[in-house]
């Protein structure tokens, strides 16, 4: 049995330590800066020059292969100067798409402003009426983003981590400033199982001194105690993470210096005649040499294998002995992820019924308290679950390296005999559905809290789709999988059904449809096709549920509609969108803000996946009122595909002619022909 546990752990560990690179379908919007100090009119010369400049920067002939270009249009006082800088690891095609996307959004985000900076994950676009070329700007327009987590609650460890990051990034800044592309990446060992990754870049038109000064300003402005941070100025960018967020193979490395010439042969004290082929003993001699070489090589390989097994066994002992005090710490390395089963057993009072707080995707969930007072949620795999083993591995592989304030944190896991256990941070307010759909608790969620929940879920999906080093499709986004912390901040949970997409992959097909009926996109539910747009659809359903305070499945014939989407669409087309709003918040919300969110929700649930906005666009719509929203098309109505149900309990499955499916608040684990 111990060998089986070792194998399972090594299998998981091999996934945990592998590196992935995400690719985004659309550029990931970060921020924009457009001070209203100077403006221009629509029909002015400056407006014409600006459009000429933007057209030039986004033309087919722009320098996307180098990732940098500047341009000027017009004459003073209406001259416009602009540039773009693409991240050093992106391809020319990605660079071009990012610049074009940014140009298309420019006049919406910053209308009639004479200078602006637009930050995207893959590029920066900038223009001004001032001369911005060959000039480092470090006094305005910065964008700062930091992970909320620190490496450890121990201050000594935090100080050590901060010092390491500071010295590493400062050294990298000097190397970036000295390079021809003004670019340098970091990939250095932090611990035995954790590397530190970084990327520093300046616009290539800066001098060495200006580039170094700009990057050092970025480093000094970052919260280096966090496990990830970035600070972008209009002229330079600096970022570090504990995962490989860039494509290292796409960044050119300087060629190795040529090998030194071989030393001249030393003169021998005894003259040795040259050996000719005629002096060799023949085939038997060659065979002897070959046999000896093979034997020596085999012995060396055997010794290496024995040494590797010894080290692996020695290291595994450290994995099996995680103590209760270690459990409370932030788990920054893989060796602290596997927890001692007895510690978990004690924390949950031997999985007492009184400690049970719910049921997850593949087992029951318990509240646990470790000896240091740390409260945790413990998910225990059901031994009778067909899909539990696969979902357990998926959840560990996916969640272990994800670090975001809107994703639930995995603190560890345990493999003990048949036991499969996941340990998460504890969420005192349970899940969104517990508050949103409970008539006695709905009053706790005012409009501002609901709006914050919508924005937090969007940020979490953004991270999964585009900002993580993995591209992850959740496939089961629903109210019961959105947990709420003590401050009602949302955290996406339950990744047992998630799929990891490879480089440049945008969609996939499956014959095993998993998820929750009512939240699943039509193309996925009917044909098994899933993509980022499938999660966008689920997000749209969530938005409409949060605004209305009603489940998608809570409608009956008396409502004149059989689901929430039908109801919302009818109200929208009849120009009665505000009738959708939960009466508990109707009097204390901004009508324009609520209607805009309903509009966004309907855009997300459109039947055609191509018409649904990418989550980066959704986030931009939520955070900027200057973005114009397109007219929504009719949503995908699952109701047309649903057969008449037999009278079932609320936790049973409904049956259609072609396959069984579950109702809205229960997850499907398998769909198959009857």
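Cβ coordinates come from backbone N, Cα and C, glycine included.
DSSP classifies residue 476 (active site, proton acceptor) as coil under the three-state reduction. Packing around residue 476 (active site, proton acceptor) is summarised by its Cβ count: 24 other Cβ atoms lie within 10 angstroms of its Cβ, all protein chains included. The active site, proton acceptor annotation in Swiss-Prot covers 476.
DSSP assigns residue 357 (ATP binding site) to a strand. Non-local contacts of residue 357 (ATP binding site) by the CB criterion (under 8 A, 6+ apart in sequence, same chain) comprise 365, 366, 367, 377, 430. The ATP binding site annotation in Swiss-Prot covers 357, 358, 359, 360, 361, 362, 363, 364, 365, 379, and the record cites sequence analysis as its basis.
Residues annotated as compositional bias 'Low complexity' in Swiss-Prot: 268-284.
Swiss-Prot lists 650-659 with the feature compositional bias 'Polar residues'.
Feature annotation from Swiss-Prot assigns domain 'Gnk2-homologous 1' to 28-132; the stated evidence is sequence analysis.
Proximity of residue 36 (N-linked glycosylation site) to non-local residues of its own chain (separation of 6 or more, Cβ distance below 8 Å) is seen for 113, given in sequence order. Annotation source Swiss-Prot lists N-linked glycosylation site at 36 (among others).
Within 10 Å of the C-beta of residue 43 (N-linked glycosylation site) there are 7 other C-beta atoms, taking all protein chains into account. Secondary structure from DSSP puts residue 43 (N-linked glycosylation site) in coil. Positions annotated as N-linked glycosylation site by Swiss-Prot: 43 (among others).
Among the features that Swiss-Prot reports, N-linked glycosylation site is placed at 61 (among others). Using a 10 Å radius centred on the Cβ of residue 61 (N-linked glycosylation site) and all shown protein chains, the other Cβ atoms total 7.
Residues or ranges marked as N-linked glycosylation site in Swiss-Prot (evidence: sequence analysis): 70 (among others). Taking the Cβ of residue 70 (N-linked glycosylation site) as centre and 10 Å as the limit, one finds 21 other Cβ atoms among all the protein chains shown.
The N-linked glycosylation site annotation in Swiss-Prot covers 104 (among others) and rests on sequence analysis. Other Cβ atoms within 10 Å of the Cβ of residue 104 (N-linked glycosylation site), summed over all protein chains shown, number 11.
In the three-state DSSP classification, residue 178 (N-linked glycosylation site) falls within a helix. The N-linked glycosylation site annotation in Swiss-Prot covers 178 (among others) and is backed by sequence analysis.
The feature N-linked glycosylation site is assigned by Swiss-Prot to 247 (among others), with sequence analysis given as support. Taking all protein chains in view, 19 other C-beta atoms sit within 10 angstroms of the C-beta of residue 247 (N-linked glycosylation site).
The feature N-linked glycosylation site is assigned by Swiss-Prot to 286 (among others), with sequence analysis given as support.
Taken from Swiss-Prot, the feature phosphoserine covers 480.
According to Swiss-Prot, the feature signal peptide maps to 1-24, an assignment based on sequence analysis.
When the recorded positions 104, 247, 359, 480 are ranked by how far their Cα is from the Cα of residue 178 (N-linked glycosylation site), 247 comes first. Look at residue 36 (N-linked glycosylation site): DSSP puts it in coil.
Cα separation, residue 70 (N-linked glycosylation site) to residue 363 (ATP binding site), rounded: 57 Å. If you measure from the Cα atom of residue 359 (ATP binding site) to that of residue 104 (N-linked glycosylation site), you get 46 Å.
Listed recorded positions: 178, 480; maximum Cβ neighbour count within 10 Å falls on 480. Rounded to a whole value, the Cα-Cα separation of residue 61 (N-linked glycosylation site) and residue 476 (active site, proton acceptor) is 43 Å. Within the domain 'Gnk2-homologous 1' (28-132), the DSSP-based counts of helix, strand and coil residues read 31 helix, 31 strand, 43 coil. Annotated pair residue 363 (ATP binding site) and residue 480 (phosphoserine), C-alpha to C-alpha distance, rounded: 15 Å.
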